Amino acid sequence: MQSLLARLNKYSGATTAIISILLGMVVGAIMMLAAGYNPVAAYNALFVSALFQPYDLGETIRTITPLILTGLAVAIAFRTGLFNIGVEGQFIVGQLVAFIVATQLGLPPVIQVIVAVIMGGLAGALWGLVPGFLKASRGVHEVIVSIMMNFIALYLSNYLIRTWLAKGADSTPKIADSPPLKVDVLSQIFGGSRIHLGIFIALLGVFVMYYLLYRTKLGYELRAVGYNPRASEYAGMSVKRNIILSMMISGSFAGLAGASEVLGTSGYLSIEAAFTGIGFDGIAVALLGGNTPLGVIFAASLFGVLNYGGGNMQFEADVPFEVIRVVVAAIILFVAANISTKIVGRFRKQKGVKKHG
Amino acid sequence: MGDYMQVVTNILMTTVIYATPLVLAALGGLFSERSGVVNIGLEGLMIIGAFMGAVGTIATGSAWMGLILSIIAGIILALPHAVATITFKADQVVSGVAINFLALGISMYLVKYLYNGAGQTPVVPETLDRVAIPFLSEIPVIGPSLFQALPFTYIAIIAAFITYFLLYRTAFGMRIRAVGEHPHAAETAGVSVVGIRYLAVIISGALAAMGGASLSIAIGSEFNQATVAGQGFIALAALIFGKWRPLGVLGAATFFGFAVALALTGQLIGLSAYVPSEILSMLPYILTILALAGFVGRAEAPNALGKPYEKGTR
């Protein structure tokens, strides 16, 4: 019975996702039509250019990589009933610490990269600890603290880059033989694109999240607290401990995303006036993916295709890239408002089918 | 001595300029949140306001018309947030995040469409410039900042007092507070929770859009991707730091404006030799966290904040 219920839930989640994606793309198409662009040509250019050439496929996978990790970060917090809007800041400190390790410690090359990745993840965990701890100990809403932590991360990063890492310039020198996560074999398979080992970190992250959530006691507790904190407390679980751990695990995924980006794609840091947006994209990925590990892969892939293909769409079909932002926003709104179950629910009521209690 | 006065005068002027959009947007957030609807979308509402302010001014040739159009745009963008959160009971934070995405997407899409692929609007033909109030503007030090200010600054200060009056001295304000504290009791007393919340979210759209417009047609004179860069989130912080009260918000926003002014003028007055500008820029956020954690006063959120209203539940 329980498994049936679970399956029904999953089914309705997938339906919501698909209907929301289609409606979101319709919104985008309407915007294109209103401005006199051809939506069919635009979407065609988008998907063809994102997927059909080895080079483009490699670039699309590169775009998907951080989205999987930030998506996981938001998703695991959601599973514990927490909204980690601070993924952006955790991403920044992960990037910062990974870069510092890779440039300042002088470890042997391979060990250095591994340590840099791990330290990046830990930095993200530390940044997630602050809102987690304040939520657990003082009941402060994690959303607000996370937003504040984003700005603190941004300015901290800018400060260290300006005064130390870049020595007065706007961006740092590149990491030696950079970017260290890029391997020639992989790049050559995908037509010389910038795909890097980060995708394996991301996939490992998906596996870790799956294993953690469904195969360990901690994962069970995290989910239980998300479902019903009071019942969990009554059952002897420490809600506070789980809140803190959830935010730290979430932060570590975000930190890994940052480490993977700086060690795999850019190889340097620069002073930023604004956020990258990768952390915020993670929110969209988690929501669309229904906060499940597999769902996150699918959603990250879709948004990766939209983001990378959107650039080509601008080039080939002359449609401004920003329409993709509108499509993503519309998809989030539709998923959040649970539009399909509202429609399906109304439909069911009319047919007199009883709801599952 | 004269130099010293000049420095203080300059810092005050910068403070007031940076506080102005924050006050407007935070007051917008106040209406929404006092009615029980979280508004993370303030940033997006400011973006759409800044965009429409610039485009409207260019299209009509009048900055005042630009302001009116920007208010309308803010109201229109606030509607999906209201529909999603009040009618469809969507998660209010998630919906707000979507509003931010939506605003940046729509505005930059239209900028590129309207101005042949350019990343910013042309410079607006008219800005709403400083208006000096006779006699008062002659007061040394505070005169130039407060009484020779932008129209937006006067609007922001007046809006704070009107909000105070509305909230605590009128039936409408009492209803907003009732709906935000105890929606079921309010409904029992005959107040339409849905109606009040819709109205509050719409007002928040109008005010935040005005804050945004101040950035594109008064403080700056064009719109681009960086015109609104986090002010909506600082306004949110000011709302919390000001404990969801109109005059508290006015004070908090002014204080945050002061932090920005110090960060910007630090170089000039030699402060940056002691405190780096980035640390000054962090100050508002650190203080907000400390305030929330109860180390600097206690932030009391409206009781029903963030909870969708379901009829017939308790």
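Cβ atoms are placed via backbone N, Cα and C, with glycine included.
A TrEMBL annotation is a machine prediction, not a hand-curated record.
Note that the coordinates shown come from a computational prediction; the quantities given were computed from them, not determined experimentally.
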Legend entry - transmembrane segment range according to TrEMBL, out of A:41-59, A:60-78: A:60-78
Legend entry - Paired segments the transmembrane segment (A:195-213) and the transmembrane segment (A:60-78) in contact, 3+ CB pairs under 8 A: yes
Inset, instruction - State the non-local partners of the transmembrane segment (A:90-107) in its own chain: residues 6+ outside its ends, Cβ under 8 Å from one of its Cβ atoms. - result: 66, 70, 73, 84, 113, 115-117, 119-128, 149-150, 153-154, 156-157, 160, 165, 172, 175-176, 180, 250-251, 254-259, 261-263, 268-269, 275-276, 278-279
Inset, instruction - Find the member of A:60-78, A:113-134, A:143-161, A:294-311 that has more C-beta pairs under 8 Å to the transmembrane segment (A:12-40) than any other listed stretch. - result: A:294-311
Legend entry - Per Cβ pairs under 8 Å, the stretch of A:60-78, A:113-134, A:143-161 packing most closely against the transmembrane segment (A:294-311): A:60-78
